[in-house]
Amino acid sequence: MKVFFSLIVFSFVLATCQGACFQGSFEAKRMDGKSVMPNTCVDIFDSKKHLLVSTWNTDHCYRCECLKSGFSCCHRYGGIGYVEGYKTVDPVTCQHESYRLDDPSQRS
C-alpha cells in the first residue's frame with residue numbers, strides 16, 4: 001500500500017512539473033485625460049507586438065495568447081529530467097530529442 005501511495009504522489013509531482021506558464025495583465029494608459037486599454041500584447045522575449053485575441057509561438061519554445069484581460073504564455077513542451085551531457089529539447093521544433101552533446105549524430 002505504501003508503494004502504491006508513493007507511486008501516486010510521484011505521478012502527481014511529475015505531472016505538475018511538465019511545463020511552466022506565466023501571465024501578465026494590461027495596465028490602462030492615460031491619453032487626453034482618459035484611461036485607454038492597450039489593443040496589443042508585447043512579446044516579453046523579442047518585444048514584437050501582437051493583436052488582441054491572437055496566438056503566437058516564441059523563439060524560446062513558448063506558446064502565447066493575447067487576450068482582452070492580458071497575455072499568457074506556456075511552454076510548448078513538457079519538461080523531462082535534465083541529464084548532464086545530453087540535450088533534451090531541440091530549439092527549432094521545441095520537441096524532445098535526447099542526444100549526447102559531444103556526438104549529436106546519435107539521436108534517440
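Note: Cβ is positioned from N, Cα and C throughout, glycine not excepted.
Among the features that Swiss-Prot reports, signal peptide is placed at 1-19.
Per Swiss-Prot, disulfide bond is recorded for Cys21-Cys74 (among others), and the stated evidence type is similarity to another entry. Listed in sequence order, the residues of the same chain lying 6 or more apart from Cys21 (disulfide bond) and placing their CB within less than 8 Å of its CB are Ser72, Cys73, Cys74, His75.
The disulfide bond annotation in Swiss-Prot covers Cys41-Cys66 (among others). A C-beta separation below 8 Å, combined with a sequence spacing of at least six in one chain, links Cys66 (disulfide bond) to Thr40, Cys41, His50, Leu51, Leu52, Val53, Ser54, Thr55. In the three-state DSSP assignment, the secondary structure recorded for Cys66 (disulfide bond) is strand.
DSSP assigns Cys61 (disulfide bond) to coil in the three-state reduction, placing it in neither a helix nor a strand. If you look up Swiss-Prot, you'll see Cys61-Cys94 (among others) marked as disulfide bond.
Here Swiss-Prot flags Cys64-Cys73 (among others) as disulfide bond, drawing on similarity to another entry. Cys73 (disulfide bond) carries a strand DSSP state (E or B).
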Pairwise Cα distance for Cys94 (disulfide bond)/Cys64 (disulfide bond) [Å, integer]: 14
